[in-house]
Structures are given as C-alpha cells and as structure tokens.
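Asks: Features from Swiss-Prot:
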type	residues	note
COMPBIAS	334-357	compositional bias 'Acidic residues'
DISULFID	CYS67-CYS80	disulfide bond
DISULFID	CYS71-CYS86	disulfide bond
DISULFID	CYS88-CYS97	disulfide bond
DISULFID	CYS104-CYS115	disulfide bond
DISULFID	CYS111-CYS124	disulfide bond
DISULFID	CYS126-CYS138	disulfide bond
DISULFID	CYS184-CYS197	disulfide bond
DISULFID	CYS191-CYS206	disulfide bond
DISULFID	CYS229-CYS242	disulfide bond
DISULFID	CYS236-CYS251	disulfide bond
DISULFID	CYS253-CYS264	disulfide bond
DOMAIN	180-218	domain 'EGF-like 4'
REGION	332-357	region 'Disordered'
Amino acid sequence: MAITGGMQSSDMVLLLWITVICACCSFVDSSRSHRQLITSPSTTGVCRYGIKAECCYGWKRNRKGQCEAVCEQGCKHGECVGPNKCKCFPGFTGKNCNQDLNECGLKPRPCEHRCMNTHGSYKCYCLNGYMLMPDGSCSNSRTCAMANCQYGCEQVKGDIRCLCPSGGLQLGPDGRTCIDIDECAVGKASCPINRRCVNTFGSYYCKCQIGYELKYVNGRYDCIDINECLLNTHKCSINADCLNTQGSFKCRCKHGFKGNGQECSAVFNKPVKESPKFGGSVKDAIKKLLAHKNSLNRYNDIKNVIPETFITPPPKNRLQPFDYEDGVYIGGNDNDEEEGEIEEEEEEELDEEDEENVIEEEKLLRGDVFARQVKRAAVLSSQPISNTDPVLKSDEVLVDCRFDQGTCEWKQDSKDDFDWKHAERHNGNGYYMSVPASTSQKKGIGRLKLQLTKIYYKYCLMFIYRLAGERVGKLRVYIDENINPIWEETKNRDEGWRTAKIEIQESSTRKSSSITFEAVRGKDEAGIMALDNVFLSSGPCSDD
C-alpha cells in the first residue's frame, strides 16, 4: 500500500508539470498572435494586431484600400515590391532603378560577336562576313562578306542588306556604313514639356530644361525650377532686385536707379516733370528773341509778294509785339497807332523799292545756333526799316541753346578727361547736357567751350544747372584761358534745377574770346551734373 501511494504521488507531480508546460506554451502562442502577419496572397503587407488588421510597417493603404509597399526614394525604372525595395525593369539596375544596365559587360556575353549598349537595352551585330540570325546568333555568309557592311547584314528573299544596330542609326549614302539620326532635330523625340531633347549617337535622352533640375517629388521624378535668386547664381546688379521666375529669373533696378537690371545707374532723386521756366530778365530776353523770330517769319512770307499801294489799317488791340512793314509795334496805346498810320502813308512809296533787298538780308533764327541780331529797342518803340543792315542800339542775343538739336556751337574739349553727354529729359520733353555718374576716374574734368566771334564790353550769361549728390563735384565757368573761374557752384540742399546769371565786364586791355563750362567730377558715384538753356547776350544783365 505504501508503494502504491508513492507511485500515485509521482504521477500527480508529473501531471502537474505537464499542465504548467502546456499553460506556458499557450501563453506564448497568445502573445505571438498579438502581431501576426497574414500571408494570404490577396492580403499582401497586412498585419494583425490582436483582432484588428492593419498595414504592416513600411506599407501604406492606397485608394483601393489595399496595402502597398513604400519606397521613400522611388523606383525610377521599376516597381516597389517591399519597404524600400525596388524590382527593376529589364535593362536597369541600382537601388532606385535609376541606372542603365550595361548588358554588354555581363558574363556570359549576350551577343556572339559584337554588342552595343543602348538606354535600357542592347543590340547585337555580327562581324563582316557573318549574318545576324533571328535567334541573335551570327551565321557565316559569303554574300555578307562581299557586302562589306559596317555592322553586318541580313538576307531577305535572296537580297543582302546591311544593318544598323539601333533605330537611331540609318544607312549612309554608301549603303554600308551607319550614320546617326538626330531625333531632336527631326522631331522623332518624345520628351515631356518641361524637358529638352539631347541627341546621342544612335539614340537620345530627355534632360531638364535650362533653369530646372531633376528631383524626386511626390513619389516621382520631375523637373523643378531652380531658384537662382535664393542660390545667388543670378547676374543681377548689386543695385537691382532679383525676381525668380519659372526656369529663369528677372532683374529689376532698385528705386533710384535705372537700367536693364544687370547694369543699373543712379537717376535723379527728383525727376524733372517739365522744363524749367526762366523768370525776370531771362524771360524778357526770350520774349524779345521770339518777337524777332516772328518778325523774320513775316518778312520771309512776303518776300516774293508784290507790295500793293493800299494802306492796311493796323489792329486796335495788340497784346504782344508784332513786326509790320515799317517797324515793330506794341498794342495798348491808341496814340501810337495813329502815328504809325501817318508814318506808313508817308514812307510807303520809298520802302517799296528797297523792301526786297532788306528781306533777303534777314535770316531765320534757330534756337540752337547764334542769333544774328535781335532788336531790343524795337520791342520798346517802333522804328522804320532802313535800306542798310540793321544796327542794334542795345543788346544782341549771341547764343540761345537748349541742346534739343545737339550741342549748338559748344565744342567738347579734346584735352579733358571725359565728354559731356547728350541726355533726354524723363518726360521726353527736350534734352540737356550732363556729366554721367560712371566716369572713368574720380576728380576728372570735362569741358564745353564756346568761341566768341564778336567782341563786346559787356556780356550777360544765363543758364540753368543741376548738381545732385553728396559729393558730386563742382561746376565752373571760365573766360578765355584764365586759371581762376568767374563762377563756381557745388552741391546745395536743393538738388533741383537752378538758374544762374553772370555779368561779364571787359577791360580796355583785354577782350574775351571764349567761354568754357568745366565740370569737375567728385567722389559720389551716384550723383549727376546737368546744364541746359544757355543764353548769352551782349550788354549788362537786367536786375529783374
């Protein structure tokens, strides 16, 4: 009985151990089933998390609800078959299937005689004297040996024809050698709109357009614009802003500068919207010149007209000076009109005989050349026309130059450092002379010189000028070859146009023969010096 009882105890212990081991095994199985991969063909990439089925790590659910592998770098010439795992198409290799496979370098060689690698494939051709068979092998052919083809030949219905190993090659004029076909030029290439065709021998490939680079974006390779402005690879001026565009960039000069963007030069801080107007004596002198021009125009109109003997009554109201046959009148005075009528009746017969000669001696004035003679006294009182050259009793306008037709009688000095430039106003209304900001050297000198043909004891020189810039330089006026200027101006607070009036007094021992404008360039590269409306007359300047 004791033995029997001991045996029963050992059996119980053994049974207990078996139960514990089974429980542990079932626990391990249950823990493994918490994340179990489902290997069904229809559920590739699906893992079970407990009772829930989701895509495994490295897989994602597509629009159809199926789990598909994710390749972060993409598969250019292949397909993604697993997490970051590509299966390349024939003819390509590499982790991302973006490299051409050189089949001709494989062992064993795919061709019996000669192999030519192409993009994504290869071509076989035979040596001279052999024929390419349908299975890719080369067969000896006496006819092909006689054909002397560059890349072998084939026999079609008893006719021998030389072959080219690629569709991008064609038989040359001799019928034996192969020449390249430029698919890009003949339009056989097929490239996306944002890529350009690059021809190769026997083929071609598509490359991103200039200004684009190939990048992997949103699961595929595409040509993306290069931001030249961000990479600082543009060619814009330091005084211009770079604006990136698709495939290119644009340069736009900053505020205060002008140019094409690659070269920008400074402009005026205060653009001139209209031509400056003279005031005072300058305005009066110009009115006198215009009155004389009107007189000459009237003389020219009646030059070939036979004068009649009847008397034309003058108008009662004259608002500005006009030239008539016996002189210049200014309206507003009835007594002067009556006196003019009496003088006209008395002197009409004498003037008719000499009128033609007087008219021929008069010349039309131009605003950009020397004025011959302007009667200042004629504007103030009426005088009859004489048979001789008119003798001015007062001032003469020697120069009235606005630089609209060039530099008039002013000449560039050949011994200075730079020339004055002929510049157009911003509003397109006229021209002026300027010293450009980009001169070849600092403190350079540029001169404009005028030779005087008539000598007077006094001159009145009037002009407008502009000096813009912190250290733009100096503008001077010289008489003859004197070393000391009679007038000098530097930059002032008002950088707009200003009027200058200089009275030149001659001595009994010296007479002026030339007047010179001299510009001395300063250190400011963005400043400018300008000159316009130069007016020179004999006599003193008025105090108006």
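Note that Cβ sites are derived from N, Cα and C of the backbone, with glycine treated the same way.
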Asks: On the 0 to 100 scale, where does the mean pLDDT of the domain 'EGF-like 4' (180-218) fall?
Replies: 88
Asks: Please count the residues of the domain 'EGF-like 4' (180-218) that DSSP assigns to helix (H, G, I), strand (E, B) and coil.
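Replies: Going through the domain 'EGF-like 4' (180-218) residue by residue, I get 4 helix, 20 strand, 15 coil.
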Asks: Who are the long-range neighbours of the domain 'EGF-like 4' (180-218) in its own chain, taking Cβ under 8 Å and residues 6 or more past its ends?
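Replies: Answer is 73-74, 116, 118-119, 165-170, 224-226, 228, 246-248.
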Asks: Show which residues of the chain containing CYS138 (disulfide bond), separated from it by at least 6 in sequence, have their CB under 8 Å from its CB.
Replies: GLU112, HIS113, CYS126, LEU127, TYR130, MET131, LEU132, GLY152
Asks: When you rank CYS97, CYS242, CYS251, CYS253, CYS264 by Cα distance to CYS67 (disulfide bond), which of the disulfide-bonded residues ends up on top as the closest?
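Replies: Minimum Cα distance from CYS67 (disulfide bond) across CYS97, CYS242, CYS251, CYS253, CYS264 lands on CYS97.
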Asks: Using Cβ atoms only, which residues of the same chain lie under 8 Å from CYS251 (disulfide bond) while being at least 6 residues apart in sequence?
Replies: HIS234, LYS235, CYS236, SER237, ALA240, ASP241, CYS242, LEU243, ASN260, GLY261, GLN262
Asks: Kindly assign CYS236 (disulfide bond) to one of the three DSSP-derived states: helix, strand or coil.
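Replies: Going by the DSSP assignment, CYS236 (disulfide bond) belongs to neither helix nor strand, so it counts as coil.
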Asks: In the three-state scheme derived from DSSP, which category covers CYS104 (disulfide bond)?
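Replies: The residue in question, CYS104 (disulfide bond), is helix (DSSP, three-state).
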Asks: Considering Cα atoms only, can you say which of CYS124, CYS191, CYS229 is the nearest neighbour of CYS253 (disulfide bond) among these disulfide-bonded residues?
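Replies: Nearest listed residue in space: CYS229.
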Asks: Looking at the disulfide-bonded residues CYS71, CYS86, CYS88, CYS104, CYS124, which has the shortest Cα distance to CYS264 (disulfide bond)?
Replies: CYS71
Asks: Give the distance between the Cα atoms of CYS191 (disulfide bond) and CYS197 (disulfide bond), rounded to the nearest whole Å.
Replies: 7
Asks: Spatial neighbours of CYS197 (disulfide bond) among the disulfide-bonded residues CYS71, CYS86, CYS88, CYS115, CYS124, defined as Cα within 10 A: which are they?
Replies: none
